[in-house]
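Feature annotations, courtesy of TrEMBL:
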- A:15-61: region 'Disordered' (REGION)
- A:50-59: compositional bias 'Acidic residues' (COMPBIAS)
- A:101-273: domain 'Yip1' (DOMAIN)
- A:120-141: transmembrane segment (TRANSMEM)
- A:161-185: transmembrane segment (TRANSMEM)
- A:197-222: transmembrane segment (TRANSMEM)
- A:228-250: transmembrane segment (TRANSMEM)
- A:257-281: transmembrane segment (TRANSMEM)
């Protein structure tokens, strides 16, 4: 049966339905020159939207390594080597951003959107935008909170931009590095089915930070309850993207270690957002709340915290 | 002085050049930025004098004359320089990595020259700040900076957009938008 399938040109739709019916069949897709025949459920090639519910492929690590070797064939001191990391079109970047905003249970961000074409454009410019969004929103929020105080003199606080840049870029590069090292180490002990390359992890982390850009802008609102609700929402969305991405990579491992890994990932994410909120945005004090009527709970909470 | 035959964008020419001709070239490019059309002058005859003059002017105007300048929190002279030049280099490298076929210095030239509207905005803001402070003062400055920001982005897009592959234009233009937005923010938040 598999041999007959090999010799026929498969339509994309047929491949998907036949593979869904028989996950072990081998199909060759002629549309994507990078793909090699392998036992893998799910359609290959560009339109990966009709992915079935399996999060893993059987030889995903091999495929990743093989393609990584195939793609980046230029030596690392040439310009072309780095161009391979920017080989994305506008619609692809938008799709990846959309994927980070709408985590669908059962869909793995890396498999669905990255598909062995990790880019550095998204992580770099999302982090840059986030740095300026946090610094500018923090500045604006402090200005609005202290408006009307006689002793307050507005300063642009430009040095906070460099601090924000250090924090965000360190998070976006060092945490993926640590996570990648950890996954490599566990992979040597336990044969994991899924392993990600370093750039794919950087890519996931970079795109998962996108939700914080509108969050930072909305943090201008000087209400503590609003800010904490925003923290929860943003953490929920980006945390779930990260958790669903890395769960397949650790779930073959010892249960405790797997859970500890996922919890650490989410915890670090929360630390980043809460830390930025605390450092860049002054606490709104009771006396300077705008004329919106504060509920008694908010008033008590604000009075306790100030 | 001998009239040299080489193009103004040619580095390493040994013969002396009249100062007036250089100034005229710079001034001509200023005009091209103020009335952006799809022309190749900025790209063909690139030079970095104009961007340097504009950057120095902007950085000087963003300085405060007060003695307690450490508490100001505004950008220092070197910080403005770093933001402008490092930002321009980053955008250029980004557009080349995306596959654009513009040369490094041509892109720096365009980005530097298109700061001209924002420098004019800075001048206007400083003049407006001589009047009494208040919300009207701020609204006027906000309006001026917004208009000049839009002008800068449109001008640089007119020159840079054609050199990008068509399905990545937005990816190459967005950093330009961010770059001029940050400069506009620095101008708008300037308090003497």
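Glycine residues also receive a Cβ, built from the backbone N, Cα and C atoms like all the rest.
The stretch from A:161-185, A:197-222, A:257-281 that makes the most Cβ contacts under 8 Å with the transmembrane segment (A:120-141) is A:197-222. Long-range contacts of the transmembrane segment (A:197-222) within its own chain (CB-CB distance under 8 A, at least 6 residues past either end) are made by residues 64-65, 68, 85, 96-97, 99-101, 109-110, 114, 116, 118-120, 122-124, 126-127, 129-130, 133-134, 137-138, 140-141, 144-145, 168, 171-173, 175-177, 179-180, 183, 230-231, 233-234, 237-238, 241-242, 245, 269, 273, 276-277, 281, 284, 288-290. The predicted model assigns the domain 'Yip1' (A:101-273) a mean pLDDT of 87.
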